[in-house]
């Protein structure tokens, strides 16, 4: 509860600070606010408090909140020199990001579908705007409108699903829904379409095929920093919401919804990986790769174990920090070369070996190479599914992972093995901090994941 | 008499909503939409959800639809010149929608809830009742909706205002 | 136990220091690799040659997932550990006549790879094994792709994805075993004790075998290998052929045979057939290769085919032969590639037909090369003979026709190796080779060390055989016992 | 000093010679190299003599000396150990004795060569391996020597490696030997599998317990090994090519010692072969065929060393014929006598070549008798010996084989006699072409022809004496002899088969063979001395048989056509089609098709929101249908 | 009001579901067939209203006011969405002089 309040207040303060043209104070304010929120996250640990019957800050919620906050914090650090050059309305951007974060905190800790809905929409509305903040940039416009139209459309399905479930159970409360499922031998038939429709709505939010179409276009068109936010923190929150609903409330119906979920997972893996293969643009490739990661993340729902939540947490953490590195470097490269194609990475290792090393580690993590966090994440996902011996699924995922190596390595190849222009990137100090922190987290989680394995 | 009203209004809803999506001129669409929403208001009244009926009337028909009209006028789109999709796509769209209807209804058909609606508590949809609910259990989402609205506000201003720096 | 940890992590420490060493990376890495060799020798001296696992380390690592840092050394591991720690200094020394760009990275990667290899060879925890397996792959990928030759990016990508494809399926197998294991850990002993039915074992067999077969490589999983060897820098090729392919062989011995004996029983036949096809097939292809490096690459496939066949023949001779041959092949193939590297660094070509007459201008090189070639063609008195003799005997015990066909390797090997030797070293010098200078400095040191090893191991292989005998015997007994209980 | 204490010195000394000469090949003076090289062999010879005589006086005829455990794996234990028994003792004498003579000869013959030190190092190494071969107490140690001599043969044939034809000949020799070696190795495996050991002392006593089928298989495999090493059909073509090496090498390796290793091995394993009658038949037939074919080829050769090479093949065929008909002692006897006279002939030929400044074609010689009297005389003795004229050594050994052959099968005997006839003819042809008539080279060259120095003629003389009187060591009963060799070898377990022919039959057989030789001699004399015929050049028309003979039955071409070419073609096919196109094609095809799929699937992302929503709706419909109507 | 409520009696709940489903689908069809962003957006509103109606019906059926409260939230969302959506559309229109969604096709593949 404190977390949301802190974040909201920070948002307001930042907004007002913007009114008074206190540009320099914005980032410190935000960082202080987020750190405070993070502090509340820690202090609430193991508290398992229920707020107004609407929010439950159990460890699951807190862990995901923590990741979202840390991720957002890092992204804020990346704003150095990013917005300033383009616009006056930095305070508004900060505010919107913070609003979105507040929405996400609701998404990870909701206990009532009304909270889910409101949180989701706070986040979504903020993102529609953020995607379009490059007002004169056609790509940004296009991303914003596409995201908005499709988002609103998919919200309809989500709502329809919620309605049906409400119709069947008479409540929006997750505990009551679960109790209904547990207690009633004959579940009302309208419950089932409700589950499927909610699955569709949430799949859209996390960008799972065949509801992924917005992802590449929006990720590519949106400003890179916003893309970073969308593809990391937002995605994580989406999964937390997904998981909270399906792994918790709908768990008794697992046998019913696992079949369509499998279809979604397989499609997502396949389309994400295979399409990413042919991309020329690093950013767009990351978009497709985020689709494929959605596929792996959904593994945790295919077989529900007591570790499902934690597995998602580990995977999401790995994915978040690796992606932040990737986007941070992308922003730097784009600032220098004006392009986000693979070619603009050529010879980066010669000019900026440390940046290249960071990006390499990030790519290895995304690809799932041992000793990086990404491997532990993938491993947990595979392990999860293997507990029910779904070997064919794992084999399919492995084949897809192989495709993944190809495109993740393309940027490594470009950086290390190709010659490019001899211009050195200027790496602002905050970027250095972000890169180092993220690399450290990636490696520590890869080498000694024990610290995160039993959080939830 | 009792159920006929419902079916009559329902038919009107469907007809108007069809007109919304098939009207050539966007302005007509908006007007039909207003009519559709009006039928919904009637539904709410039939369901004894007076508060919703009022809100629907004011918010949707009043505010939202006017906003739509404003924008359409602002952008000067009140003509039949709107580019339309090729007939093929339209047909496919309609078929797809039809399929969705069939599928949705098919999935819901197995519903055994054919029990008629019986209003157990006549005061259910009254402001008093809803207010207790809204400021009771649903206080938190209600408060947090303010964030939603604020975000929308900030965003709308941000996006529609002409940016000096960029310009 | 401290010794083993030191053994594993000394190269890693070396890698880090080397990476920071800048210009003096060459020396620093040499010092660390030699120190590792000394340490390995100390361990070998303290090793009691029985079947037990010694220097065991078992530290909790990721306790929640049942993953421990569990490593130890028995005779079989010690052999490959020695090989690794012997070859790495040799390989580093062999690079002395190269001026690689960014040497710090180059040598650091070699040492990093050494740690990965040592993990693979000492791991007693399947997860640790897998980690080492991949940890060895990344550095070699970079070594080959940064310092490699023409078309290196595509070739190495293929190599990387190909090998990792196998290993991911192996990971699947490992997870499967983990889940089957009631204790829910990756302990190798627990895996040994599993009672899987033969269908399950069949699946696990394939999950592991493909990974190992790709690594070795066994026909028909070999097509990455000639390209990669050809395109890699000389030291990369040596690492790949000298040590890395032993990972596959070691994996078969340590993980495949004892865990799924019934799977081996059902499918080993096919593995032998593939191996034997590989011997003849690769040998035949080697006949007409124009590039010496590629020729040696194919010969390596043939040799490894024999090792694989010997292991799957599953008897003491075949197994011991595999042990000796792992060592011998490592030494010989490194020697061969080093000679080719010397030639390449002098005349910038490895095309057989462009060379000739080098023996006249570089007699010392020609003698060293001849000894290495003889070792490779398994002349009695060289290390290659001990291995191939035992392997062929092992295969023979499996089936006389198998041995007769596998034995073709000693004929074919002589044909292509001597053909290469003749065309490269003998005959008249040409305009290219007339200015060839004989070996000197570290080249001499490395080549003479290799030649000495070839002959010493050929004449007195007893220490090696003695080292592994108890472990091999124990392994065989263990597997046979398990096989009897399954049937 | 007991045998056990001495024996290891015998191989060690040559090895030391190899090491010293090898390391000091560039620093030591030629004289010193020669002294070391020859000296170590002489020392070995002396020790061998000591061993031989102490063995003679010993009641225990077989001594095993363990050096160390070499290989052990499971039930397999292979010690590096030596076996000294009458058979190996006598081989030691031949190897070191003849070896020493040839070393001595080489000090002079190779004096002008730049690779003098290397040459002696190789020769010493060869002697070392050869000693290892005969001393090994088991098949594997024997195999070390077996392959080791192959290596030395390779090195020495390719001694002048800058000539790529020579290098190819060396490679050919090695590879063909390897073919045999595979058979040998498989045979050894089978022995181990059957008898549980590869030690002679453990295998032979159990031989009778093995089933005949297995014994036949074992012996055939071993025989394949012998075929390679001892140049029998179909693996003999390397031996004539091996003449590319320096002539002393031809004498030592390709006449006296290495090529007889096959016979030695079979004699050593005679217990096994005796129990495998089928193998014996095969050996006899192949031996006879080789003898005949090689003799026919020898008829028309013009290169003096080639004639001797084919003669060697032919004589080896003879020996195998003997082995095949059970005349182990006879064959071994022939090994001895052949070592004397063939070494002599080769060294003589070397002397001629030396004198002719490395001219080997007999068509350019002639009339050398006066220029090279010692060479002529000694070579004549050798020729008479090989032709089988009494009382020279070849007569006795050849007739013992022929007698056994007759006992086994008159046809084999007939082939033997025919071969004997041909042998006598081509040998005398060679002698006459070389030494009689007029010199056929230029006058200038003629003036440079002179007799070789003493270091070369001395070995000739010694060998000539041995060739003349060597027959005495196994004088048959029919001449009142006591068959000393047979008795001696029986101490080594070499199977003995008494002749069951009457003396009169033996006499008449001898008469036939002697008559054949004499007729051949006379015919050669009339043809080449009286008729002064000189062989024609290659292009000139010949009869079909002569052509066949001159072109060695086209065997090299046939091998090239049926083995080398197809294998090379197969190699290219495997490489280009199977490996690159098919297997790698599948691997690359997977990548390619993924890439193509990527190209195709990304088109779904058309950029059109309407389309996206369409796809979403389709997805929703499909998912609902799948969920509610499929399952 | 009292007599209106009495008329409610008797309409089967199923029919509300069907009606909502139909209106919802009509909204979907609108989204599918139109190119004008504003009309598409209106179709989305149609979908939301269908949901609202259904929620109310369920709320009445189960005699639980929370459903109607939820409708309230949806309306709030609708308002917010309309504000943002129209702002976006206006912004796009400024740049492209069109609100045809087919113009938005630079980001693809």
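Using the three backbone atoms N, Cα and C, a Cβ is placed for every residue, glycine included.
Unlike curated records, TrEMBL annotations are generated automatically.
As annotated by TrEMBL, domain 'NADH-Ubiquinone oxidoreductase (complex I) chain 5 N-terminal' applies to D:70-120. Residues of the domain 'NADH-Ubiquinone oxidoreductase (complex I) chain 5 N-terminal' (D:70-120) grouped by DSSP class, helix first, strand second and coil last, total 29 helix, 13 strand, 9 coil.
Annotation comment: TrEMBL describes D:138-423 as domain 'NADH:quinone oxidoreductase/Mrp antiporter transmembrane'.
The transmembrane segment annotation in TrEMBL covers D:6-24 (among others).
Same-chain residues lying 6 or more positions outside the transmembrane segment (D:31-55) and placing a CB less than 8 Å from one of its CB atoms are 1-3, 6-7, 9-11, 13-14, 16-17, 20-21, 24-25, 61, 63, 84-86, 89-90, 92-93, 96-97, 99-100, 103-104, 106-107, 116-117, 120-121, 123-124, 127, 131. Residues or ranges marked as transmembrane segment by TrEMBL: D:31-55 (among others).
According to TrEMBL, the transmembrane segment annotation covers D:87-107 (among others).
TrEMBL lists D:119-137 (among others) with the feature transmembrane segment.
Residues or ranges marked as transmembrane segment by TrEMBL: D:143-161 (among others).
If you look up TrEMBL, you'll see D:182-201 (among others) marked as transmembrane segment.
Sequence annotations record features per position, and here TrEMBL assigns transmembrane segment to D:207-228 (among others).
Here TrEMBL flags D:249-267 (among others) as transmembrane segment.
For the transmembrane segment (D:279-300), the list of distant contacts is 215-216, 219-220, 223, 227, 231-233, 236, 266, 273, 306-307, 310-311, 313-326, 405, 408-409, 412, 415-416, 418-419, 422-423, 425-426, 429, 535, 542, 545-546, 548-550, 552-553: same-chain residues at least six beyond its ends, Cβ to Cβ under 8 Å. Residues or ranges marked as transmembrane segment by TrEMBL: D:279-300 (among others).
Summarising the annotation, TrEMBL assigns transmembrane segment to D:374-392 (among others).
Long-range Cβ contacts of the transmembrane segment (D:412-433) within its own chain (Cβ-Cβ under 8 Å, at least 6 residues beyond either end) map to 284-285, 288-289, 291-292, 295-296, 298-299, 301, 304, 307-308, 310-311, 314-315, 317-318, 321, 324-325, 362-363, 365-366, 379-380, 383, 386-389, 398, 401-402, 405-406, 509, 512-513, 516-521, 523-525, 527-529, 534-535. Feature annotation from TrEMBL assigns transmembrane segment to D:412-433 (among others).
If you look up TrEMBL, you'll see D:454-475 (among others) marked as transmembrane segment.
Residues 7, 10-11, 14-15, 17-18, 21-22, 25, 33-34, 36-37, 40-41, 44, 64-65, 79, 81-84, 87-88, 91-92, 95-96, 99, 102-103, 106, 110, 113, 143-146, 148-149, 151-153, 155-156, 159, 199-201, 246, 248-249, 252-253, 257-258, 261, 264 of the same chain, all 6+ positions outside the transmembrane segment (D:119-137), place their C-beta atoms under 8 angstroms from a C-beta of that stretch. Within the chain, the transmembrane segment (D:454-475) has long-range Cβ neighbours (under 8 A, six or more residues past its boundaries) at 98, 101-102, 104-105, 107-109, 329, 333, 336-337, 340-341, 343-344, 347-348, 350-351, 354, 374-375, 377-379, 381-382, 385, 391-397, 400, 481-486.
Under the criterion of 3 or more C-beta pairs below 8 Å, with sequence separation of 6 or more, the transmembrane segment (D:87-107) and the transmembrane segment (D:249-267) qualify as touching. Below 8 angstroms of C-beta separation, residues 311, 315, 337-338, 340-342, 344-345, 348-349, 351-352, 355, 368, 398-399, 420, 423-424, 427-428, 430-431, 435, 451-452, 457, 460-461, 463-464, 467-468, 470-471, 510, 513-514, 517-518, 520-521 of the same chain, each at least six residues beyond the ends of the transmembrane segment (D:374-392), sit close to that stretch. Counting same-chain residues at least six beyond the ends of the transmembrane segment (D:249-267), those with a Cβ under 8 angstroms from any Cβ of the stretch are 87, 91, 94-95, 98-99, 102, 105, 123, 126, 130, 133-134, 142, 145-146, 149-150, 152-153, 156-157, 159, 184, 222-223, 225-232, 239, 242-243, 273, 283, 305, 308-309, 312, 316, 319-320, 323, 328, 331-332, 335, 338-339, 342-343, 345-347, 350, 489, 494. Panel annotation: around the transmembrane segment (D:143-161), residues 115, 118-119, 122-123, 125-126, 128-136, 167, 169-171, 173-174, 177-178, 181, 184-185, 188, 225, 229, 241-242, 244-246, 249, 253-254, 257-258, 261, 265 of the same chain, lying at least six beyond its termini, place a Cβ under 8 Å from a Cβ of the stretch.
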